[in-house]
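Trainee: One structure, as structure tokens, below. Some questions next.
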């Protein structure tokens, strides 16, 4: 009787990418607790209020990531327009929600909040990956290389500007054009598409009240110290925190600025607390981790078995890297304050859950590419 040949053992997905994600999640939880416990005690009467919620979502997110990594990513291509229509519907619904900090960005369900823009980012990436895959040989034409992309992008960002959600708009536009460029859209049509979107955005800004909120932020970006106790307070305190950290930092848990100086230190400006406590060394470690994650994600994209998987992994990975870059730029006052969170670090349970789910999709691309090669 002939014996069966031994089965080759193979990793189910890219282990390096998974490890980098888990390191960032763990690092983020540690920094979130350090940055939030004083604020949580003062506002909620419980120092563990934010870290407990975030940890629950982190565990749920990791479980979701592992489950999603086992699902063939081609299912998203089959339902890409359904996902996008749902995202657009939610962007319409959120316009009727009560404003929070002068913006309608959050839908509140049973005490939980989530931003439809998080779903919209994923939807645009999936649809763009599908369009590039389906129309690859015709991307040099206006009909296939510009028109469908601009239609999807215009509707999505048009609704987001009405919230208003400028940071989300910047992210989606940049991700979309990056995917078009990498996907092979003709240079001429690429520039024309950019001009169309820029013109549409200018019209929206002129005929809505978005500029009323944006202009003061631009003024504070230019010189936050002209109103250091008013509109420039958050930026000034963030810069003080970064400067106080020096090379090695004050030590984990020893931040002074988180004690009600930096407003909501566990949210968008958590990187400033990280710099204060861990110094330049800690900041560089975080930046290097994000760079490694992006490099590994792009490697997965390059090894994908088809164009859809490649563009999907590229878009999702680019989103994380771009968002981290913009957040750090805002915290250091390199860019105006636009309300961009730091992936894996900033507080937001549903955002973390969505982010980890998307990382599961990248792992799915790596997994099914490996199976194909076997």
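Note that Cβ sites are derived from N, Cα and C of the backbone, with glycine treated the same way.
Unlike curated entries, TrEMBL annotations are predicted automatically.
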Trainee: Check each of the ranges 166-182, 217-233 against TrEMBL and return the one annotated as transmembrane segment.
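Mentor: Based on what TrEMBL states, transmembrane segment spans 166-182.
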Trainee: Would you say the transmembrane segment (344-365) and the transmembrane segment (51-69) are touching, if the rule is that at least three C-beta pairs must lie under 8 angstroms and be 6 or more residues apart?
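Mentor: When sequence-distant Cβ pairs are counted, the transmembrane segment (344-365) touches the transmembrane segment (51-69), since at least 3 lie under 8 Å.
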Trainee: State the residues, same chain only, that lie 6 or more residues beyond the ends of the transmembrane segment (278-299) and have a CB under 8 A from a CB inside it; answer 'none' if no residue qualifies.
Mentor: 14, 16-17, 20-21, 23-24, 27, 245-250, 252, 271, 313-314, 316-318, 320-321, 324, 328, 343, 345, 362
Trainee: Answer yes if the transmembrane segment (106-129) and the transmembrane segment (12-39) have at least three CB pairs under 8 Å among residue pairs 6 or more apart in sequence, and no otherwise.
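Mentor: These two stretches do not touch.
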Trainee: Same-chain Cβ contacts of the transmembrane segment (81-100) under 8 Å, 6 or more residues past its ends?
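Mentor: For the transmembrane segment (81-100), the far contacts come to 106-108, 115-117, 119-120, 122-124, 126-127, 152, 155-156, 159-160, 162-163.
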